[in-house]
Structures are given as structure tokens and as C-alpha cells.
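What follows is a set of notes on a single structure, which appears directly below.
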Amino acid sequence: MTSDFKVRDISLADYGRKELDIAETEMPGLMALREEYGAAKPLKGARIVGSLHMTIQTAVLIETLVDLGADVRWASCNIFSTQDHAAAAIAKAGVPVFAVKGQSLEEHWDYLDKSFAFPDGANMILDDGGDATLYVLLGARAEAGEDILAVPGSEEEEVIKAQIQKRMKESPGWFTKTRDAIKGVSEETTTGVHRLYDLHKKGQLPFPAINVNDSVTKSKFDNKYGCKESLVDGIRRATDTMMAGKVAVVCGYGDVGKGSAASLRGAGARVKVTEVDPICALQAAMDGFEVVVLEDVVQSADIFITTTGNKDVIRIEHMREMKNMAIVGNIGHFDNEIQVASLKNHKWTNIKEQVDMIEMPSGNKIILLSEGRLLNLGNATGHPSFVMSASFTNQVLAQIELWTKGEQYGNQVYILPKHLDEKVAKLHLAKIGAKLTELAPEQAAYIGVTPEGPFKPEHYRY
Ligand code: NAI
């Protein structure tokens, strides 16, 4: 066992291992990749830094990467999302992991730094939200003498800057060297993908990137069906509130919003949706949800959930108008969807981990989940294994692609080819007893495909 780890309690490892054993039975895509590539070890030589929620499902991903030959070091991408028994099981299996549920922001960036500490340096990144990529690129810019603070005064940016300065002092030139050694990054989520496209647009992406999020078998499944299960799970574990009959507002009707609205409807809530995009607003309306503006429902609704990947969606003026004991939470990647910083000078009463009651000037109180960080991972255990298997099968295929064929890629953002997307889906059919119809050659020719696929043109939207 390695001693190179930071977990809450290593004695949780056996419990973690039992849950991992169960998760493996629900993750057919990852297990099929072990079967297909375990002997060939296509990731031999890859030294992968993982920055992704340290859950049981991620533990199965990590062990798949190791089985395919990679060296792996891991940090969580969120301070509340770690499952301590999963981290313990992974540490006990010999993989250096740095993740504790409820770690501070300072620890978060320190642990990310530690996850880069391969003796020969990292050469691949597997990211969720882009923190590992950001760390290396910001550090390299700081080494080049640039001022790296985009929003001076932001608590997290000050923490990042301090961590970067510490590393620069201890190992001059480390960021530039690390940046130049990275062969590629695979990115898990919508928000991280935005960051990558932005870097590319500015000519600042120094290595190839694969956008895993926009595999159909990722965003149309994890973001949607995953949130459909895990949103209500988080609200229930946090509050035990009766959702049936209550009015819930979902801000944003993209993939996560669609799953979240369905989740709340499934629990019996009367769901309203806010949107800025007329296409998504029309989709919400035609799915049977009332499309409203927040200001019109802020006083009457019981539950507010942000799903936008945007900032300042629920603001202080909204929270001040909410009814007593309204529940407020976010399921988007970052904590700036709700203006939590503006609540700091209010009276907070901690109810239990990741549940706070905050008193407004009117005397009304609101219940804030996970301090505005993604509540399905903060208050519950994130998405179920089966849907994460689809996401993580894409991750592993992306890592194999970048590691084995990286030189064929430019410094751009790519998505996996459709035949691999279809392969990921196919690997998940048998588990749920789904039988695929085969195309006759004449039928295939009639619709302009081959019987083996791909079955749709690139522009098809699913
Ligand atoms: P998306 O782009 O499909 O959907 C976001 C929607 O929010 C868009 O339709 C957009 O028009 C809308 N929107 C933007 N600003 C708005 C505003 N001010 N008011 C109302 N609507 C607004 O993105 P997706 O894939 O749904 O992801 C959303 C967020 O959730 C991202 O941060 C992503 O990284 C994160 N995510 C979280 C997961 C979790 O398990 N918690 C899983 C997958 C993604």
C-alpha cells in the first residue's frame, strides 16, 4: 500500500471495496474495456492526473485506467463530492489519491498540486471542470511574468494564486515544464469544455483536448438521466422535505435542467422553468412545464435549483424575497450560480454537513444546500454507477486515443468519432435487457448507412 495519499480514514477501505465490487456489476462499459484492452495495456507509460469527483464510480474508472497500464494520481474536483470510503479503497489499492469530503479550498488546490507529483512528471490530464488544466496553464503564465488574477478579490482566485506562488517558489519552472510534457486532456463536463473552447479561441490551448461531455452517450445520458435520479436524492437526503405538491423552479433547461425538471416532477412537485434560450424555453413548455421569469415566482415557490453553468442566476435580491424555509440549491458545476458570497454577512445556522439555514433581513430563513456547490454530489452520492459507466467509458477511450495517437491531433478540442459513441451505448444494452434490431443490407443502403453503423450523420441531434 502507498503512503502517498490523503484520505479521511483509511480504515474505510474495506467498506469502499465492497461498494466498488457492486459498482463493477453496474458498469458494463468499463468492464468491457478491461476485457478488450487489459492484456494490450495501451495506456502503458501514461502518467495521468485525474481531477474528478472521488466517488465509488470514479474508483472503478481509476482501476480501469490502471488495468490498461496507466500510472494514476487523483484529486477530487469539488470540496464536498468525495466519498471517503471510495478514496480509502483506492489509496489501499496503491493509487495516490488526495481527497477528503469537506476539505477546505486551500486543501483543494494543495491536493490538486500533489496529484501532479509523479517522480517523472505527469503527461496526461483527465479533468472535470478544468481545474487541473487551469492550474498548469495559469502557473505557466505566472512563470512568464503575467498577472494571473482575473477577478481580484475572489476568495478562490486568491487561494489559487497562493498555491501557484508556493509551487513556483519550491520548484522554479515547474509549471512550464509540466505544461510542455502534457500530451492531452480529456474533459468531462459542460463547464470545463467551455473553458477549453475559450482557451482555443484565444490561441492558448497548448495540447490536444477531447471533449468527452459532447459524446452523445455522455451529455444526453449523465447530464440528463443522471440528474433525473440524483437531484431529488440530494434534496431528500439534505432536507427530508415532502416534494409532492410543492412548487419547484428549475433555472436552465439544457441537459442538466431537463433531467432536473423530470426528477422533481417524478417526485410530485409542480415544476416551473426559467430559460434565456428560446429553443430550450419552447422545449420546456412543450414538455409541459410553465416557463417563467424568476422574479415572478420568487415569492411563491418552495424549491429553487440552478442548472445553468452560468453565474449570478439566483441573486441576493431573489433570496431576500423568498418565502420562509425555501430550499435553494445548485446542480451546475461551479458555486457561483447562486450569490452565496453575498450571504456571508447573514446569520448562518448549520443544520448538518452541507445543509445551512440562513436568516434574511426580513426574518425569513432559507435552506441552502452544499453552500451552493453541486448538491447531487454534496448532499448525496452523485449519479448511479450505470450512467457513469457510459460517461467514463468515453473518458477511457479518449485517454487511449490521446495517448496512443496524440501526434495525429492538433492543439484543438475534438469529440470522439460517432462509431465510438455508438460502441459505448452498445456496451450498455445487454445489462438492461435491450435487444438491438439489425438493419438488412437493403434497408441500410436505403437510408444511406452501413449495417454496422454509424447510424446517424454528424448533424443529427438525438
Ligand atoms: P447546457 O448548456 O445544456 O444547459 C444550460 C442551460 O442554461 C442552457 O439551455 C442555457 O440557455 C441556460 N441558461 C444560461 N443562463 C441562464 C440564466 N441566466 N437563466 C436561465 N437559464 C440560463 O449545459 P448542461 O450540460 O445542462 O450543464 C449545466 C451545468 O451542469 C454545467 O455547469 C455542467 O458542467 C454541470 N453538470 C453537472 C452535473 C452534475 O452531476 N451535477 C452533470 C453534468 C453537468
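Backbone N, Cα and C atoms are what each Cβ position is placed from, and that goes for glycine too.
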Listed co-binder of substrate (same site as T55, E188, K218, D222, source TrEMBL) among D113, D128, D131
D128
Going by C-beta under 8 A and a gap of 6 or more residues, the same-chain neighbours of G257 (NAD(+) binding site) are V250, C251, V273, E275, C280, A284, T307, T308
Just counting, how many other CB atoms are there within 10 A of the CB of T189 (NAD(+) binding site)?
27
With the Cβ under 6 Å from ligand 1 as the test, give me the qualifying entries from the binding-site residues T55, D128, E188, K218.
none
What remains of the binding-site residues T189, G254, G332, H383 once a 10 Å Cα-Cα cut-off to K218 (substrate binding site) is applied is T189
Between T55 (substrate binding site) and G254 (NAD(+) binding site): CA-CA distance (Å)
25
